[in-house]
Amino acid sequence: MTKILNINSSVRIGDSISRKVTTEFINKWKAREADAIVVERDLAAQPLPHIDGSTLGAFFTPAEQRTPEQAQIATLSETLVRELFDADVIVIGAPMYNFSITSGLKAWIDHVARAGVTFKYTDKGPVGLLTGKKVYIFTASGGVYSEGPAQAMDFNATYLRTVLGFIGLTDVTIINSEGVAMGAEGVNKALAKTSNTINELLPA
């Protein structure tokens, strides 16, 4: 039984391209494996607090020494981390906002990328602790950034691949829905291409 963590980060709830394609992917997976468990983490419907000094203080204080306030702060991060460790497959909807990820997704990363929890430092360098999992990232962007002259401006997929790899999530497939700001034809073309990719990834 596969456990899937589905993370959506678009602030657009009703007409989001990234939400549309992650839903299509999840539905396709469920059609193949009806008993798969899907855990939803919606970073727009349930936004996470951005980390501050109090958050860092809680993270770096041993659990047995935390104040009640620090314990409460750390509980949220520990819940998010547990969702990652429990998942076999991680699906991330990651629209590009100003060449990078959404602030909500950055907040999630800051809560889960923690030294001694999801990665550790060794004498040979940092080692990610979230291993043996498959990640699918569904990006959406108004222009085309996976190739061509704008490729150097992609700090969305490239950043996610880097930071996820740092915590051990190295088996990453990125599916881009690009050119969605180029009118209805651009949207339809992007969605059709993504649907074809999903069918290739999850053949019937």
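Every residue, even glycine, has its Cβ placed from backbone N, Cα and C.
Features reported for this protein in Swiss-Prot:
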- Ser10, Ser16, Ile17, Ser18, Met96, Tyr97, Asn98, Phe99: FMN binding site (BINDING)
Check your understanding: Do any residues at least six apart in sequence from Met96 (FMN binding site), in the same chain, have a Cβ closer than 8 Å to its Cβ, and if so which, in order?
Key -> Thr139, Ala140, Ser141, Gly142, Tyr145, Asp154, Asn156
Exercise for review: Compare all C-alpha positions of Ser10, Ser16, Ile17, Ser18, Met96, Tyr97, Asn98, Phe99, the record's FMN binders, and send over the largest distance in angstrom.
Suggested key: 17
Review point. Sequence gap of 6 or more, C-beta under 8 Å: which same-chain residues meet both conditions with respect to Ile17 (FMN binding site)?
Key: Ser10, Pro95, Ala140, Ser177, Val180, Val187, Ala190, Leu191
Study note, to complete from the structure: Among the binding-site residues Ser10, Ser16, Ser18, Asn98, the one whose Cβ has the most other Cβ atoms within 10 Å is Ser18
